[in-house]
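Asker: Take this structure, written in structure tokens, and hold onto it; I'll ask about it next.
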Amino acid sequence: MFELISRNRKVYTRDRLAFFMSFLSVIILILVYQVFLGQIQIDAIKAALNSDTASSDTIQMVNYWLISGLTTIISMTSTLGAFGVMVSDREKKLSEDFKVSPISNFKVELGYAIFAILFGIIMTMFSCIFAIGIFNGFSSLLDYSMMDYLTILGIVSLGTVLSSAIILPILAFIRTSSAFTTLSTIVGTFIGFISGVYLSIGSVGETLQQVMTWFPLTQVNALLKQVLMKESIAQVFDKAPISVVNTYKESYGVVLQNTSGEQLSNQFMLTYISIVIVALLLLHFIIKKVKK
């Protein structure tokens, strides 16, 4: 199994330009977030607090909101990108060679999945830490405890496993690099909108709010926001009424609500995400069995 994972890593990193571009795309996405999306939320907060200016704490809080969304997107896109090795092997008929080897198809596919998850975790954690340093200064990395970082790592790991579970049933039908490239473009855009990254959940109608709420990566995004934004929210809204704080959290997806207006607890979201992962993996195995 280790040899398979190592082989997939070598194949993926063999194209040094493509490997470098995967990091460059992260940097570009960070800059786009900083320039365009941050100011929209800052203006809304100034209006809510009846202030003409935005404090440094406000800017820092908005940056953490953006970082949470960025991290959520990259947990999906980096994991999906790593699965490109599997699609490339199919296109080049290398997967047929594995079938005549003593290695079972299950182990071969598990090797692809483990590599994609590990690569996704590394890329996502790198992006999260790098973005914190770029947005709020590298000294702000000291604002979090070791337990906070372990919590972030746990959420990121859950997000990448979820991303793999979402991707695998779709990849069962993808056999060419061109189709994979198209899928990657669609997924990156779709995830940004449906998980409340490119637009806040409070800016859409109730029906779409519920669709976004029950999409599992939106819940991963909310869990990240609660860790990254906890201290900055307390500082920005220190003297604001609790109703203003709650409205902000609900409007910007820091907390999520069901159709009855009840807040989803962290335990519920973790359980829901785990159930979705299991259901999607079962769906993948059913698709594989039917296709045989």
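The backbone N, Cα and C atoms fix where each Cβ goes, and this holds for glycine too.
Unlike curated records, TrEMBL annotations are generated automatically.
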Asker: According to TrEMBL, transmembrane segment applies to one of these ranges: 180-201, 224-245. Which one is it?
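Answerer: In TrEMBL, the transmembrane segment feature sits at 180-201.
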Asker: Ranking 62-89, 180-201, 268-287 by Cβ pairs under 8 Å to the transmembrane segment (150-173), which is first?
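Answerer: Comparing 62-89, 180-201, 268-287 against the transmembrane segment (150-173), the winner is 62-89.
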